[in-house]
């Protein structure tokens, strides 16, 4: 799979681009945080390293915008034309499952507009970096440009998920000709009934699945070590696990969640530190750096927001320890222990089957197995039990069935008698022998004598 992916020239170029961004970003991070002060003791040298890597990153992101911007202009043209073939093409790009969404044109226009804003913000930042020396760049202008360059695509990703573009709707009733009439009362009623049928059709098709009406969190928030592998994944690959869990729960694309979460947790650091580079006052520079770090911590509220959505959608119990406000408690859990909260959410998702935005109880094989009855060629013990309303009451008696000519009488199997199972010709021998000879067969000689005796 990875070999086929890297053989694609576009994917190869993307891999090189990501590698260059990672290397330059790492060097810039080490210089900004002072980790290379011993290796590069002179401030002038550190400033030179900073400026070189800053310009490299600026060029890389500008190249990516130049590559993406023609596509975004093309999508804007398709939105303006809004022909049937344009609609289907845009749905495949911006709509979940490529199907019709209510008011899709307006929502697509918002997303495309934000993506254009991302490109223009990057162009303005590139102009500031190339047109001004480091000491002459306006810090406010740099901060605003970075905010739009990073914040616009992040907000576009979130909007694409929480808007109707990222939700499921019934598309059978809505075609190109019916879109104009869907606002009428009859069309809305039909759509509501059809959606109701689709929503509950799974339970009709598979009666063994049971909807969990009162689901519970799997373990407490601090029970992160209940699943060791999940605990380590949450600690070291938290962004990836979060995105995967969100997609599994039906909250949008995994990669969009990963990149958006990374931006919320990393972007404030870069914005404030890059703006602080152009300020000569050391105290102000440190204050801006600390502010960026604090805002990065508040980026964890992105996880708290989606925990609120998960709790509401699946009717999970709420925590009320924070002034009795469940939403505030969810955000506090993510701020105080994001890894524990993430592990609890993933464990809860693993405990249920997720179908049509509902939790279903996990199917177990043990409940669907029929009782084992003795085979026709085996000896077995079957325990007969009478029903509570039977005249025998709760009587139970083990009975041994032996098949004549059985080659291996040592093999035994236990089970329950099933009246629906066809009976074989068996000889029954009671374990409790007494005076009751009801089941004792007559002697063969007696049968022959009675059969040959003439009728009188």
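Cβ atoms here come from the backbone N, Cα and C positions, even for glycine.
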TrEMBL annotation (transmembrane segment) - matching range among 167-186, 187-206, 287-306, 307-326: 287-306
Given ranges 56-75, 76-95, 256-275, the stretch to which TrEMBL attaches the annotation transmembrane segment: 256-275
12-36, 337-361 - the range that TrEMBL marks as transmembrane segment: 12-36
Ranked first among 140-162, 224-244, 256-275 for CB pairs under 8 angstroms with the transmembrane segment (105-128): 140-162
Long-range environment of the transmembrane segment (287-306) - Cβ separation under 8 angstroms, sequence gap at least 6: 32, 242, 246, 251, 257, 260-261, 264-273, 275-276, 279, 330-335, 338, 341-342
Stretch contact, the transmembrane segment (224-244) with the transmembrane segment (256-275), Cβ-Cβ under 8 Å, 3+ pairs: yes
